Structure formats: C-alpha cells, structure tokens
Amino acid sequence: MRKIYIFDTTLRDGEQSPGVNLNTQEKVEIALQLEKLGVDRIEAGFPAASPGDLAAVNAVARAVKNATVIGLARSREQDIDAVREAVKGAQDPGIHLFLATSPIHRKHKLRMEKEQVLETADRMIRYAKQYFDKVEFSPEDAGRTELDFLCQVTELAIKAGATVVNIPDTVGYLTPYEYGNIFKTLKENVPGIETIQLSAHCHDDLGMATANALAAILNGADQIEGTINGIGERAGNTALEEVALALETRSDYFQAKTTLNLKEIAKTSRLVSKLTGMPVPGNKAIVGANAFAHESGIHQDGMLKEKTTYEIISPDTIGLKDSKLVLGKHSGRHAFREKLVDLGYESLNEEQVNAAFGKFKDLADRKKTVSDEDIRALLEEKLTETPEIYALEQLTVAFDSHETPSATVRLKIADRGIVEKQSKGNGSVDAIYQAIDALAAEAVELDDYSIKSVTDGTDALGEVHVVLKQGELSAQGRGVSTDILEASARAYVDALNRLVDKRKAPARGRRDNMTLI
Ligand code: KIV
Ligand code: ZN
C-alpha cells in the first residue's frame, strides 16, 4: 500500500472561512488535536498577514512535536522572512510558497507575462531554499493553467529546490477526470518528477473536492491537502476525514492509505466545529450527526439482523462509542469519571472533574438521562479558558404573546461586582441582549446568531453560537443549556469575554485586506 501524506490546512485555508477567527490558544488546541489524529503536516497560518497570525503560527510551531509545521508565504522575500520567524522553534519546520500561474490570474491579478512568473518563482524558491529543507511550491489556480505551462513551472520548481509541488484547484472548477489528468501528465512529462512529492489541494465550489482529491491519488498524488469538516474559503476545501475513510473503506480499490489515527476523527471534528463556530450539517459524510443513524424500518430491520446490510463503516472506526452506560441524577462520581475516560477525557485534573461533575448534576436534575453528547457539550464549554470579566449570575425572562418581552439580567463584572438591568426587546433574545449591552457598555454589534440542539427530545441541550463585532475585532461565543434563552445569554457573555481578551492580545489584522502579489 502506498502511503498518502496528509497536509492539514484547517488553521490556514480553514480559518479563511467567512466569520472564523481563531485566537492563538484555540489554534494551539486544534494543532495538538491534529497531532493526536496523526496528520503529517500542519499549515498553521499565514505569518505575513498580521503580527497576531505570526505569533499564533509560532505558538503552534513550539507546541507541536510530531508533525511538520508550515507557514504560508506569497512569493515575496518579506513573506518568506515572516515564515522563518514564525516557525522558529519547530521540531520540523517547512514553508509553503505560492504564485499564481493561470492566464486569468497572470493578466488581471499579477499583471505579469509567463516569463516574469517563471523568473519570480525561480528566485523565490531559491531564496526560501536557503532557509528551509522542506519547501512546497503551489502554482495558484493550477487547475486553470495551460498544461504545458504547468509542466514548465513544475520542472522549474523542482530545479530550484522545491520538495513538494502542490496543484491547487483554487476555484473548485475541475472535474475528477480533468484533475486526475493533470497529475498523470505531470508524472509522464516532467523531468525529475520522481524526486519530489506531488500534492492535491481542492476546493468544493462544485461539490467535487473529495472526488478530485481521490482522482489525484489514483493518478499518482503523494499528498492530500484539506481541512477537518471541509471548512475553508467559499464552499470549503477537501474534507480530510472523507479522504481518510474512503481510502480505509475502499483500500481494495485505491491501494493507498494514510497513517491517521482514525479513532480521533470524531473528536477532532467536534473540536474544530466548536472553536470555529461552524456547525457540522447532520447529513455530512463521516462526521454528520446522521452519518450512522438509520431511520427507515427496512434499514433498521436489516441492521438488527446484520450490520453490514446498511453500514459500510462502523462508528467505532472514527472513535464514536455506542456506550451502554447511561448516566442520570442517581449516578455518582465514579460512574461519571469512568464515562469521562470512555469519552477520551482521561487527562482532566481533579479540579476539572469536580467542576464538570457539578455541572452534570445540575443538568441531571433537569433532564431524565444525560447522553454522551450532553457530557461532551458540558465539558467542552467548561474547558474553554477565557478570563471571565463578565459572568452571568441570573436571568429572568417574561414572555406573553400579547406583550413586549422583557428580560432581567444579573451579571457579575470584574471590578464592579453584581449589577442588574431589566430591558424590553423585539423578542426574548433581543431583550436579554439589550440588558447585557446596557450593563457591559461594550458597544458591540451582533454579527451572527445560530442555535442547534445537541441531543434529541424537548429536554435536549441547546447550543447557541454568536459572533460579536466591535470595530475591526470580532469574537465568537458559545453557550449550552437545556433552556435556549439561557444558552443565548451564556453565548453572548462568552463572546464579550473573548472580545475583551482579544483587545488585550497583540493586534490581529485580517488577511482580507492584503493584496496578493
Ligand atoms: O487554493 C489555493 O490556491 C490556495 C493556495 C494558497 C495554495 O489555498
Ligand atoms: Zn486553497
């Protein structure tokens, strides 16, 4: 079996998803989970984008021990220097350099002739090579680049010292047949191609990112780039969990495999969803809530007789357990601790277990049975450590379909103590947010609000995500409760705390304002 290298760009291309802005602590948390998952390479960010991005890549570089940590750079010396600075301290550092090659990008974006593109790529790869053993070069928009020119660029990149040449379908335009054919053509025509690795990087604009990545593998790609849950620019990138499971389940066909620890997939997916605030659709392949759910009577009957009738992947493969241990209000600390170990939270300290147990008992008083998902939601809320400037002490909401709703919010504010405010609003959530705004006096704008149910039933836990904006800054917050109004208040307060925390952290300009060469 051929090994396929996994290049994870959740922290770079994934973070380019609209509305997503991870802070350093969140990036490190995701990177450490990616390391557990066993990805070979982690693209941690775009250091030239801002001092904050550089600092975050540096923190990831220092934390990760078992994967190559890579920074992205345009073909400019100052970008390459920023990556050098950012990956200082990495066990195994690398750089990812890109320059657009397609006629559209040459004409409208770069305003360069082919010769200038070749000259710039050659000069910048050689510059990077002075400082890095591992240099990946991407001809951006390779998918719409003339094939003979792409062969020429690839040959030049190899001669200049690139160790990986990546073929981005930047705008998600190609079909699997066309994308696979690029790899076949490069393999057959470029001198020295056997000395480097070829990489696939696909976007999902036409819903073909995973199929294209697999077509690349069939035609000789050594590495797949992608993100967890397929997040990324516009419609996103190749979902790495889909490629990994396709290779695992159909190894008979692909004759290739990753060295990922597949049992970490479910946990990694949940963490990325939580920290980015991007919910995973229920019907999403591999990691969607319904991926292993069987609804119709005929399917259920088949499953009970023999699982393989309707199940091609066992949930256990990606680390989902069908646990028999049901927790409720009579469960004790021992059963709770066993459940934590079962769910993969074995490294919690005594204080964290006690705090989680308290929350679990509160929930068990309100809910007949507490499911694995409830416990995960409680724990993950508890484990996010942002300094608490604002804490929700009490919430009272008055709703009558003939009256304007009102909410009374009591907050504990660092340095000010307990404060309380009653406000009316255009709905209960609006009333709550008006009261919090009046107390916190932070001048924020609500940029996004979403709500989902963590488990089934009318007593399910509700999870609310909000994004707050304050000038250039934005922060997301998350709140979980059996009551959606309380979850809404908690999410808002969480976002306020993160916003204050961000304001104190080094400036993080957005890359959206940057010109690309
Ligand atoms: O999609 C793309 O072209 C990219 C490049 C930076 C490789 O993400
Ligand atoms: Zn991309």
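Every residue, even glycine, has its Cβ placed from backbone N, Cα and C.
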Exercise for review: According to TrEMBL, His201, His203, Asn237 bind Mn(2+); so which of Asp13, Asp400, Asp415 is the extra one listed there?
Suggested key: Asp13
Practice item. Using DSSP, break the region 'Regulatory domain' (391-517) down into helix, strand and coil residues and give each count. Key: 37 helix, 51 strand, 39 coil
Practice item. Work through the binding-site residues one by one (His201, His203) and point out the residue whose CB has the fewest other CB atoms within 10 angstroms. Key: His203
Point to revise | Set of same-chain residues at least 6 away whose C-beta sits under 8 angstroms from Asp13 (Mn(2+) binding site) | key: Glu43, Glu225, Thr227, Gly232, Glu233, Asn237
**Study point:** Conformational class of Asp13 (Mn(2+) binding site) under the three-state DSSP mapping
**Key:** coil
Point to revise | Local confidence of the domain 'Pyruvate carboxyltransferase' (4-266) - pLDDT mean | key: 97
Exercise for review: Note the Cβ centroid of Asp13, His201, His203, Asn237, the recorded Mn(2+) site, then list each other residue of that chain whose Cβ lies within 8 Å of it, in sequence.
Suggested key: Thr9, Pro168, Thr170, Cys202, Ala209, Glu225, Gly226, Thr227, Gly232, Glu233, Gly236, Thr238
